[in-house]
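Enquirer: Reproduced below are the annotations present in TrEMBL:
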type	residues	note
ACT_SITE	R167	active site
ACT_SITE	K190	active site
ACT_SITE	H258	active site
ACT_SITE	R261	active site
ACT_SITE	H284	active site
ACT_SITE	Y293	active site, O-(3'-phospho-DNA)-tyrosine intermediate
DOMAIN	12-103	domain 'Core-binding (CB)'
DOMAIN	124-306	domain 'Tyr recombinase'
Amino acid sequence: MPPSPIHFAAKADLARAVESWWQWLGSERRASSHTLDGYGRDLAAFLTFLTEHLAAEPDLAALASLGAGDFRAFLARRTQDGLGRSSLARLMSTLRGFFKFLDRHDLVHNPALKAVKSPRPPKSVPKPLAPDEALEALSSAGELHDEPWLAARDVALFTLLYGAGLRLGEALSLTRRDLPKGDTMVITGKGNKQRVVPVLPVVRDAIADYLKRLPYPAEPTDPIFLGARGGPLNPGVVQRQMRRLRQMMGLPETATPHALRHSFATHLLAGGGDLRTIQELLGHSSLSTTQRYTEVDAARLTRVYRDAHPRAKA
C-alpha cells in the first residue's frame with residue numbers, strides 16, 4: 001500500500017496512527033480506492049475541525065479526552081457546511097471505525113462516541129435500468145472510445161457489473177489470478193468476505209475479447225482492468241464513461257455503474273429468482289438489504305398494472 005494521501009494537521013503519534021489505519025484498510029480489509037478516498041476525506045475533515053475546535057493540533061491524548069459534545073459539535077459544523085443525512089451517517093461510520101481501530105490497538109479508548117447517535121439516512125430504493133436499457137448500455141459502451149482495446153475494456157467491465165452483480169470496487173480489484181475458471185469466479189467483497197458467482201458466457205467472452213486486445217503485459221497479481229496508460233483503472237474514469245453513456249442514450253442521472261448491479265438483482269427477482277439466492281450473489285450480509293429489491297419490483301408491477309390492466313383504467 002502507498003502512503004496515505006490524507007492531508008491534515010496532527011501531532012506525530014496521531015499521524016502514525018492514521019497511517020497504520022489507512023494501511024490496515026487497504027491490506028487487511030481490502031477496501032477499494034474509492035472507499036479509501038471517502039474514508040480519508042471524512043477523517044481529514046474531522047481532524048481539521050479538531051485543530052480549530054481545540055485551538056491546537058490534536059494528538060492521541062486529545063482524542064481520548066473528547067466528549068459526546070465535541071462529536072456533536074463536529075456534526076453540527078458539517079450540517080452547516082451543507083452535508084445531508086446520508087453523508088453525515090457515512091461520516092459517523094468512518095469515525096466509529098477509526099476509533100474502534102485505535103481501541104483495538106490500545107492507542108485510544110473513548111466511550112463517548114457510542115453516546116452519539118448517527119443521523120438516519122433516508123431510505124433509498126435502488127433505481128435499476130429497464131432490461132432493454134441495460135442491454136443497450138452494454139452494447140453501446142464500446143462506442144465511447146476510438147481505441148479498440150479501451151472500447152473492449154468498457155464493454156467487458158459494464159457486462160461484468162450487470163452480468164454478475166458486482167460492486168464497482170470489487171470489479172476493479174480483480175486480478176489476473178481471479179479470472180473466471182469455468183462457469184464461476186470467486187469475488188472478495190466487503191469485510192474480506194468471499195463469495196462464488198456464476199459467470200455467463202457473454203461475460204466470459206467480453207473479458208476474453210478485452211484481454212486479447214490489451215496492449216500491456218500483465219502479471220498474475222496485476223489488475224484485470226487497466227487505464228489508458230497501463231495502470232489500475234480509476235473508478236472516476238468509469239464514472240465519467242457512464243456519464244457519457246447516459247448522455248448518448250438519454251438515460252437519467254440514476255444510471256450509474258452501481259445501477260447495473262441494482263439492475264442485475266431486480267431483473268433476477270422479476271425473473272423468479274428467490275431472495276436468499278440473490279442475497280448470496282450480491283454478497284449482502286443481511287437479507288433486509290436484499291429485500292429492498294422487492295420494493296423496486298413491487299413498484300414496477302404496480303406501474304405495469306396501472307398502465308395496462310383494464311380495471312386499473314376504469
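Just so it is clear, glycine is given a Cβ too, placed from its N, Cα and C backbone atoms.
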Enquirer: Report, in whole Å, the straight Cα-to-Cα distance of H258 (active site) from R167 (active site).
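Expert: About 6 Å separates the two Cα atoms.
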Enquirer: In whole Å, how far is K190 (active site) from R261 (active site) when you measure between their Cα atoms?
Expert: 15
Enquirer: Give the number of CB atoms, excluding that of H258 (active site) itself, located within 10 Å of its CB.
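Expert: Taking all protein chains shown, H258 (active site) has 18 Cβ neighbours within 10 Å.
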Enquirer: Using a 10 Å cut-off on CB atoms, tell me which of the active-site residues R167, K190 is the least crowded.
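Expert: Least crowded of the active-site residues R167, K190, by Cβ count within 10 Å, is K190.
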Enquirer: Averaged over the domain 'Tyr recombinase' (124-306), what pLDDT does the prediction give?
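Expert: Looking only at the domain 'Tyr recombinase' (124-306), pLDDT averages out to 81.
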Enquirer: Rounded to a whole angstrom, what is the C-alpha distance between K190 (active site) and H258 (active site)?
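Expert: Their Cα atoms are separated by 15 Å.
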Enquirer: Please classify the secondary structure at R167 (active site) using three-state DSSP.
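Expert: Note: R167 (active site) is coil by DSSP, not helix or strand.
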Enquirer: Let's check the environment of R261 (active site): how many other CB atoms sit within 10 Å of its CB?
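Expert: Within a 10 Å radius of the Cβ of R261 (active site) lie 22 other Cβ atoms.
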Enquirer: In the domain 'Core-binding (CB)' (12-103), how many residues does DSSP assign to helix, to strand and to coil?
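Expert: Here the numbers are 76 helix, 0 strand, 16 coil.
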